[in-house]
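To start, the structure itself, in structure tokens.
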Amino acid sequence: MGGAVSAGEDNDELIDNLKEAQYIRTDLVEQAFRAIDRADYYLEEFKENAYKDLAWKHGNIHLSAPCIYSEVMEALDLQPGLSFLNLGSGTGYLSSMVGLILGPFGVNHGVELHSDVTEYAKQKLDVFIRTSDSFDKFDFCEPSFVTGNCLEIAPDCCQYDRVYCGAGVQKEHEEYMKNLLKVGGILVMPLEEKLTKITRTGPSAWETKKILAVSFAPLVQPCRSESGQSRLVQLPPPAVRSLQDLARLAIRGSIKRAMRQEATRGGGLKNTPMFKRRRVRRRRMETIVFLDKEVFASRISNPSDDTSCEDAEEDRREVAERTLQETKPEPPVNFLRQRVLRLPLPDPLKYYLLYYREK
């Protein structure tokens, strides 16, 4: 699936194309897509294809086309504080984007069939938290991934506000999927070759909307153990944040609010331009020679004459460097990090407030 929009040169251009084609229609979804670079979830040797509107698969690792993820994110109608279940969570790309919208008091669970893909998703999540420039701009609901068949979820599991299934669902499993939803919840899944949005309007009432035609690999049927029993998937219990974690969120939130107020008043931090020290160059000199009361102006050879070609070449290099600096965007400044590091606190507490991030 995919190919509905033009390829981009980078992640932002891909998002621009998805917006222009009306696949991305809301600000929250746009912000989430821009915050996480799709290429970060590709293997290094395949990253050149990351900004094409195409699905990608390598072994068990799979990413749907950007236009599909866009429609899914829009159909889920995500809001802060909701609970989300991703069936077939794969690389964790979608779950991480969802986590940016859910915020710190949401629930973000994923079930993945293949254990190697679960580990891949955990590695990508760790890299995002440690190194992404976007992490400090959001309050993140960190995904939790478990391995298992999503058709074998324990019957006593909690229900969710939002559910997405990333594999083709047959009619026989429709009721099973619906029962994972709370009343008022939304389920998005490929049902009989159509991306379908189902809203639970009551204990036994549903509204169904077909979004677009899609082609997904079907759900893998459960394998019975030797005893004939199913291997039930136990989803993570809803986590209760510690007082220490809540204090971290409150402090970071206070700093962010102060920064927004300063920016509104025009007193926020700004990137300071970098100035390059001018190079001092020796110049050729006119030498005055006195001969028998007659004055002659003569240009006497100076060692610097031999460097005239070098000077011209250096001039050209400086012009090229200035041009490159003018066209190259300045690296982003993490103002939140700067503020935290200036707090009158012990270093271990500062690093805790920064989630021990590398930048």
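Using N, Cα and C of the backbone, Cβ positions are placed for all residues, glycine too.
Record features (Swiss-Prot):
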ACT_SITE  Ser64  active site
COMPBIAS  314-328  compositional bias 'Basic and acidic residues'
LIPID     Gly2  N-myristoyl glycine
REGION    85-94  region 'AdoMet binding motif'
REGION    160-164  region 'AdoMet binding motif'
REGION    181-191  region 'AdoMet binding motif'
REGION    240-250  region 'BC-box'
REGION    301-328  region 'Disordered'
REGION    343-346  region 'CUL-box'
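Cβ atoms under 8 Å from those of the region 'AdoMet binding motif' (181-191) belong to residues 72, 75-77, 83, 87, 159-165, 167-169, 171, 174, 197-203, 211, 214, 216 of the same chain, restricted to positions at least 6 beyond its ends. Reduced to three states, the DSSP call for Ser64 (active site) is coil. Using DSSP to sort the residues of the region 'CUL-box' (343-346) gives these counts of helix, strand and coil: 0 helix, 0 strand, 4 coil. Across the region 'AdoMet binding motif' (85-94), the model assigns an average pLDDT of 98. For the region 'AdoMet binding motif' (160-164), residue counts in helix, strand and coil come to 0 helix, 5 strand, 0 coil, using DSSP.
Remark: secondary structure over the region 'BC-box' (240-250) totals 8 helix, 0 strand, 3 coil, with classes taken from DSSP.
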